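Here you go, one structure.
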Amino acid sequence: MLIIIRPSGEIALKSPRSRRNFEHTLANNIRSVIKEGKIWRSQGVLFLEVNDNNKNIEELSKVFGIASFSPVMSIKSYNNNLEDIINKAKEVFAEIVKGKIFSVRAKRIGSHNFTSLDVQRKVGEALYPFSRGVNLENPEVEVFIEIRNDVAYFYYKIIKGPRGLPVGVAGKTVVLFSGGIDSPVATWMMMKRGSIPVILNFNLGGSVHRKFVLEELSVLRKWSGGHKLKLFIVNGTDVLIKLSQIEKRNRVVMLKRVMYKVAERLCDKANAKSITTGESLSQVSSQTMTNLYVTEYGIKYPIFRPLIGFDKEEIVELARKIGTYEYSIKLPEYCAISTKARTSVELDEVLKDEENLNIDYEKVLENSEVIEI
C-alpha cells in the first residue's frame, strides 16, 4: 500500500533548513507510529509504503504535522501519455463512481504535453458511462489524479490529520497535570505545537487520582507521535499538611505556587524550557489576573497557558475530541482545598507564607514516583 502524506501548510512556509528539519521529525514520528514500512520525501509531500494489512494506518490521523493523507494507486511511468492515465483511471475509479454523481480533480507538477484541465475532462468522459452524472460543484463522490513529473497517483479518499507541528520540533515543556478536564487539553495543544510534554502530577487523591491520570495519559500517548511520556507523581498530601499552617484564603494560590516551584526544578532536571498549565482566565478564583500574577511571580521559566481564552464549553468539546473527557469527568476536584479562596491575594502575604513554610522543592521532586508511558 502506498500513501501520500501532506504535511501541515505552515511547514511549507518555513525556511528550507527548518522545513527539512520539520519534515525529518515528522517522518521519524510516522515511523514510530506505523512500526514498519518505507518513507521518503518528495516535492513537499511524504510517501509511505507499507504492507496492505498494516492496522496502524488509521493512527496517522493523530500524528501532529499531518494535514491529510490518502491511500493511492500509481503509474510509475506513463511516458507523458494521457491515454495511459485515462485507462488507469477507469481501472481504479469505475466502481467508485458507479451509479453516483461525480467529479474529477487533477493537478500536476512538472512539464507535460497536456494540462490539468485536459486530464479532468478526458478522465471525466471515460468515467461518465459508469456514473449517474457529473457535478463539479456538489458531487456525491470526488476522484483525484495527482501527476508528479513521470508518476501519476490516483485516489478517492482524503483523510484529515490534526495539522500542527511534529512533536519534538519545539523542545520540552513541564505540564502541571491535575487530571481534570483542562490539563489534558492543554497538554494536547502543546503537543500540537511541537512540544514534548514532561508530566508533573501532584497526587491529592491517592490510588483513584493516580489511576485516572494514567488512563488520560494513555489516551494522550496516542497523539504523541511515538514519543514516550514521562510522568512525575508528587505526594501532594505532604504539601497540604504544610499548607494547613497558613490562612485558608491564601491556600489555593499557595498550592499552585508550590506546584510552579517544583515544576521549575523539574525544568532544570529534564532540560525543559517552559511550564504549561491548563489555567483559563477567570474560570475559578485562583485564575484571576491578580492571582495568576502572584502564582508565577519570580518563576524563571515562561508559563504557557494554551487555554487562557477558552470557556469551559470549548474546553470540554476539545476534551471529547481528544478522548480524555470520559476519564476527566470521573475525577473529583482535588485542588479545591479552601472554600474561602480570595480572587485577589496579596503578593507580600504569599511571599511571607512561602518563607515561613520553607518547603524543600528539590526534595519534593526527588521523592516523586517516575513512570514512563
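A Cβ is built for glycine as well, from the same backbone N, Cα and C atoms used for every other residue.
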Of Lys157, Lys222, Lys256, Lys312, which does Swiss-Prot put in the ATP site with Leu176, Phe177, Asn201, Phe202, Gly278, Gln287?
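Looking at Lys157, Lys222, Lys256, Lys312, the one Swiss-Prot places in the ATP site next to Leu176, Phe177, Asn201, Phe202, Gly278, Gln287 is Lys256.
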What is the biggest Cα to Cα gap, in Å, among Leu176, Phe177, Asn201, Phe202, Lys256, Gly278, Gln287, the residues listed as binding ATP?
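With Leu176, Phe177, Asn201, Phe202, Lys256, Gly278, Gln287 as the binding residues for ATP, the largest Cα distance is 19 Å.
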When neighbour density is defined as the number of other C-beta atoms within 10 angstroms of a residue's C-beta, which of the binding-site residues Asn201, Gln287 has the lowest density?
Gln287
Across the domain 'THUMP' (54-158), what are the DSSP residue counts per state (helix, strand, coil)?
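Across the domain 'THUMP' (54-158), DSSP assigns the residues as follows: 37 helix, 34 strand, 34 coil.
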